[in-house]
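Student: Below is the structure I would like to discuss, written out as structure tokens.
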Ligand SMILES: NC(=O)c1ccc[n+]([C@@H]2O[C@H](COP(=O)([O-])OP(=O)(O)OC[C@H]3O[C@@H](n4cnc5c(N)ncnc54)[C@H](O)[C@@H]3O)[C@@H](O)[C@H]2O)c1
Ligand SMILES: O=C(O)C(=O)C[C@@H](O)[C@H](O)[C@H](O)COP(=O)(O)O
Ligand SMILES: [Zn+2]
């Protein structure tokens, strides 16, 4: 059986010269993965990396589609969760790809959420100094953000994503059917990154999300529309500044605080997942902007209300277990990749959809702000 035609998919192009690629978004794409891959890559073998939650749900379908189109497959299933983005698992993934004798022209395929995408992409970037890479994102977060743009990497005890590489995929296949099995908590976490695009520079998109949040959560055309608009926003930023020399840093809205919270909670997905850290971080970024007289506190309240209605945490107190101390958070913030000449860079805002890159933010102000938040 040849792969079936998919007629209702949307295609977003990431324009990067000879490294340009398509993001396909739609229903039934897993079943046509073989054909879509072969249409773009002349590969004979594929090394699929996935996790323990996703494998039982989608590995057979993907494997069958690839094999039907004559691609030999190998698979590696890693433990689900943020702790998987480690040196140990990088070693495991590299060994697996080399043992499968994957050549540069073959493909490493990430089947899963952002954890698997970041780890598999990093392994693909270092094996033979770069083998072809295909993203098959199955979480909302991965479909709207992490599968696009080529950031790959792992976490270390010093901080999030501190070891990694830029390695663009050759294709992103976002099968929206897979979102039906995602837990409500993980769906909400992915939604935080959708809201981020509105808060960066698209106030109209934020208003649209305020109006349509419920229908996005229940599926259907508004969900597909939210995914496509998110991918368009990310593709445009990446095309303009692939290696984050400037405007791409805006995609880090909420992440300086969020990443610090993830490190402080030990990358423990039971306590905090990435999208939740970003949700709290975006509220903190709006509150901090208001404290610095850059924005109205009303905007911070509005952002917090929207995220809270979506089922996301919005304050430090919403995190399970003991509250991370301001000193521990400041230590993590000091390791942020945007630090330049020892000075902190934050994405701050003049209001909803008016984010900007603020260099040289005084750490004394950040500490005072976090100390105040810690005692509330
Ligand atoms: N590279 C980038 O540009 C970028 C962007 C944003 C986030 N990230 C990274 O992505 C990671 C977060 O990604 P995530 O939120 O997808 O986390 P994740 O990969 O841990 O996936 C979330 C959970 O959902 C499960 N899951 C995934 N798809 C499923 C499905 N269809 N049905 C049932 N369960 C499913 C996973 O097993 C996991 O338990 C973080 O490490 C973050 O740093 C990277
Ligand atoms: O693609 C980007 O650029 C982003 O910043 C997207 C973020 O959502 C993502 O979490 C990214 O991994 C953070 O980047 P980092 O460089 O701060 O690790
Ligand atoms: Zn993120």
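Glycine residues also receive a Cβ, built from the backbone N, Cα and C atoms like all the rest.
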Student: Per TrEMBL, which of 207, 243, 274 sits in the Zn(2+) site along with 193, 255?
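Tutor: For the Zn(2+) site that includes 193, 255, TrEMBL also lists 274.
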Student: Within the domain '3-dehydroquinate synthase C-terminal' (190-339), what mean pLDDT does the predicted structure show?
Tutor: 97
Student: Sort the binding-site residues 193, 255, 274 by C-alpha distance from residue 114 (NAD(+) binding site) and give me just the closest.
Tutor: 274
Student: On the three-state reduction of DSSP, what should I expect for residue 160 (NAD(+) binding site)?
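Tutor: Assignment for residue 160 (NAD(+) binding site) reads strand.
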Student: Same chain, not part of 193, 255, 274: whose C-beta falls within 8 angstroms of the C-beta centre of the Zn(2+) site? Give them in sequence order.
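Tutor: Not counting the recorded site residues, we get 141, 145, 192, 196, 254, 258, 275, 277, 278, 281.
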Student: How many whole Å apart are the CA atoms of residue 118 (NAD(+) binding site) and residue 274 (Zn(2+) binding site)?
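Tutor: With the alpha carbons as reference points, the distance is 13 Å.
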Student: Could you say whether, by DSSP, residue 139 (NAD(+) binding site) belongs to a helix, a strand or a coil region?
Tutor: coil
Student: Mind checking how the domain '3-dehydroquinate synthase C-terminal' (190-339) divides into helix, strand and coil residues in DSSP?
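Tutor: Per-class counts: 106 helix, 0 strand, 44 coil.
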